[in-house]
Structures are given as C-alpha cells and as structure tokens.
Amino acid sequence: MTIRVGINGFGRIGRNFFRAVLERSDDLEVVAVNDLTDNKTLSTLLKFDSIMGRLGQEVEYDDDSITVGGKRIAVYAERDPKNLDWAAHNVDIVIESTGFFTDANAAKAHIEAGAKKVIISAPASNEDATFVYGVNHESYDPENHNVISGASCTTNCLAPMAKVLNDKFGIENGLMTTVHAYTGDQRLHDAPHRDLRRARAAAVNIVPTSTGAAKAVALVLPELKGKLDGYALRVPVITGSATDLTFNTKSEVTVESINAAIKEAAVGEFGETLAYSEEPLVSTDIVHDSHGSIFDAGLTKVSGNTVKVVSWYDNEWGYTCQLLRLTELVASKL
C-alpha cells in the first residue's frame, strides 16, 4: 500500500524530500504541498537545482498544482496549517519543513487538518519524541508518537558515531565543532540579523555560531545527557559539512581501535546511516551521499584517553535521506 505524504514548506528540505521520494521510495507518494510561494517559482526551483541539478522528469504547473512526470501534486498557500485540507487528499503523513512550526503544539494542527502523523524536519519542542534513524528509531511507538522530530542534520551526523564510540569505549565528556555549509538563515551581504555573526556575508566569511546538536544528542542517547557541548563554524560552501568530535574515554584507546569500532558498525547494523571511509575526502566528495554520517578514518587522532574524530555529511541530501528512512518507518506502522 502506498502511503500518501503532504509537505508543508517547499524549501531546501521540502524539495529534497520530494526528490528523495521520487528516487528512492516505492512506498511513499507526495500528493500535496503547502508553500506561500507561487507555483511558477515552486516548479522552477524543483526542476532546476544548483546542487542537485535538473530533475529528471518533466515539471509543469497551473494555478492549483504542480505536475511531475505526469502526476499531479496539489499545491496550497495557507499560512495556518489548521486551514489545510489534508483529509481531502487522504494524507497519511505530513513533513513539516517550514521551520516555523517546530513546536509540536502548533504542528499538531496538521493532524486536526486530517493527517495521521507529523514529522518535523528540525529540532522541536513539546514533540512526542525525537529520532535519529539508525540510533533510536526502534523505540518508535505508533500508539504514542504522533508528532515527532527527525532532529537536525548535525545531530544525524554526530549521534551515530557517538553511539558507537560510547557503547564501545565510554564517553566521559566531549566538545564538538561542526564545520557547516552556509544556509538560508545567513545573509548574502552584511545585513541585520538577530545573530550578529550571521549578519555578516556568508560567502566570504567563516561565521562562528551556535548549534544545539551536541546537547540534542541526549534526546536520542540519554546516556550522554550533559556530557557534550559545542558550536558551529559556517563556511563558504553551499553544502557538504563535517562534524569534529573531541572526547575523553574511560580508558586509553588507539587510533586503530577507534577506527575498527566504527568500521564494524558501518558494515553492520548502521549501514544505511553510518559510512566508513579511508579515502582522502574533501567536502564535494560527499555531496549527494545518502548516509547521515560518513566517518573519515584518516583524521582520527588519539592522545592517551583523549580522542578526536571527524565525520562528514551532506547537510541537505544526507539529512533528507535520514528523514526519508524515518518516514518509511512511520509509514510501515500506520
């Protein structure tokens, strides 16, 4: 049975999710989209993408819909989710990717509008649960989890390697830095922003800013609560990021033992989520990689019981594929 999906917010993640469904899923079908932008613009941005390239199917539009490969997708432009008629399209799951309805108390309006489940594509508040596929997805409970979060792209990178390393060696405490591609929340030129660092031109600066990813790991790995913190360095690349984690273990380890633990996990139960590489990667090498986390074995460093590791991630496509896996899990339990 095909599960019917609605997307609220047809921006970077919304459009990437649409592409991921087309490319990778036989079980999901996007039947409706809500975005305040006009349909001509939405169809153009779906058809042509500066990172992903041209969509391999014909895209057309009219006043009420976008048609992709001959399939019509209804399009709405409602500011308030409660005014959406998901029921009219038999929508089962809504991907909430506007960035505005990260409070589950607001996002549950999608359920009131006819959907069965809501997945927020960002860190959330008041959600029923937060999941990183491959880390804690097996705790998903369809009876009690109706509005859930797929966490952030950085948490989806950090959590898989943190789980493996904590289970194997024990993380006492640690600090992380994500070297992160710039995003739409930054300014192209110097211009006002509530974060004065993000107010500076994104394409010519390294921009230090906050990330909640380290603390959010505790939502999917409670055993690490209070043990990790960190920040982000936004850099002038359009996508392709890396998470640097430095941590202390309970006993001395070696580069070889750290890498072996990750490699074993990557070829085993974490295969879709966590990859292991001994190649001399740079950021463009991992663009359009579907893993949430791509461990770079050549960058592992050890001094006594202090360890530094790095994992890459395509902060758009890799995260979207993680979101797709989570959506397929939810769909399988409807």
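Every residue, even glycine, has its Cβ placed from backbone N, Cα and C.
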According to Swiss-Prot, Arg12, Ile13, Asp35, Arg79, Asn315 bind NAD(+), and the residue from Ser121, Ser277, Ser283 that belongs to that same site is Ser121
Same D-glyceraldehyde 3-phosphate site per Swiss-Prot - residue from Thr183, Thr249 joining Ser152, Cys153, Thr154, Arg198, Thr211, Gly212, Arg234: Thr183
In the structure shown, which of the binding-site residues Ser121, Ser152, Thr183, Thr211 has the fewest Cβ neighbours within 10 Å? Thr183
By a simple count of other Cβ atoms within 10 Å, which of Arg12, Arg79, His180, Arg198, Arg234, the recorded positions in the record, is least packed? Arg79
Between Asp35 (NAD(+) binding site) and Thr154 (D-glyceraldehyde 3-phosphate binding site): CA-CA distance (Å): 25
Quick check for the class: what is the C-alpha distance, in angstrom and rounded, between Arg198 (D-glyceraldehyde 3-phosphate binding site) and His180 (site 'Activates thiol group during catalysis')? 13
